[in-house]
Amino acid sequence: MPDLIKKAASSYRWVRNSIISLFIANILILIGKDDWIGRFKNPLHYLDMLVTFLSVYIILEIIDRVNFFLNKKFEWTKETFKRVIYQLLFAIIVPVILSILITFIQWEFIWHQDLFKDNYFKYEFFPQVLLILIINLFFVVIHLFKVRVPRDNEVNLSKTPSIIGRKGGKKIPVQVSEISYIQLKQGIVYLITFEGEEFFLSENLDHFEKILPPSHFFRANRQFIIRREACKSFASGTNGKVDVTIFPALATIQVSQKRAANFRSWIST
């Protein structure tokens, strides 16, 4: 299960970043060009597309990983000043420098052009910086949207203390707002966050069923306690059960027949 979750979360980011990179690469190549359709008939266009796509993907992946790291270390609402400094340094300045380096390699060794003589800094540098800023804004907005919880929900969750999970021999407090679901597997209780991180828990599911707010968490069966926001979709299953697809694992679990009616009532309120 841990490997499945990590692979699912990693695959999601890979697909998302690939689509965004392909979109940006098309913009960079086609902008300012007259015959868009005609370019697709030229074999060199696809070489240009491949090189540009890989360049954009590298930059995008770095910005994504930097944001992922900073989101865990320096939350915007709690350590704003530090976050702005680190964001500016590692998610903007470093990618800009790397972008210049990648462009130099691309122009020098593939297209045999000179950055200065061919006016790179006059025509292409600032659009690249603008794209890096837009990419940063995209990841920041997505993160803030994911962690945003209505005020009444914040009150309910804040009343519940952090859950102490174990990972790599360390005890780590996990905020209730980060929990996607809790699973019992082969006698071990796992806590899974929305980011796909996994922690081992000492207590059993009955313990967490009692302390977690019922407005946000539901005991689906003997193996799972699921968070409302983790329910990606649900449908009627066999024998009166309910099939629920949970995030980030994108796995389907079954709500037992005995709990099915309560689940439908809970998920709709």
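In case you wondered, yes, glycine gets a Cβ from its N, Cα and C as well.
Source: prediction; values computed, not measured.
What TrEMBL records for 163-269 is domain 'HTH LytTR-type'. Secondary structure counts, DSSP: the domain 'HTH LytTR-type' (163-269) has 27 helix, 50 strand, 30 coil.
Per TrEMBL, the feature transmembrane segment maps to 14-32 (among others).
Under the heading transmembrane segment, TrEMBL lists 44-63 (among others). If you look at the transmembrane segment (44-63), the same-chain residues 6 or more away from its ends with a CB under 8 A from one of its CBs are 17-18, 20-22, 24-26, 28-29, 91, 94-95, 98-99, 102-103, 106, 110, 132, 135-136, 139.
Per TrEMBL, transmembrane segment is recorded for 84-105 (among others).
Annotation comment: TrEMBL describes 125-145 (among others) as transmembrane segment.
Long-range neighbours of the transmembrane segment (84-105) within the same chain, counting only residues 6 or more positions beyond its ends whose Cβ lies under 8 Å from a Cβ of the stretch, are 55, 58-59, 62-63, 66-67, 70, 74, 115, 120, 124-125, 128-129, 132-133, 136, 140.
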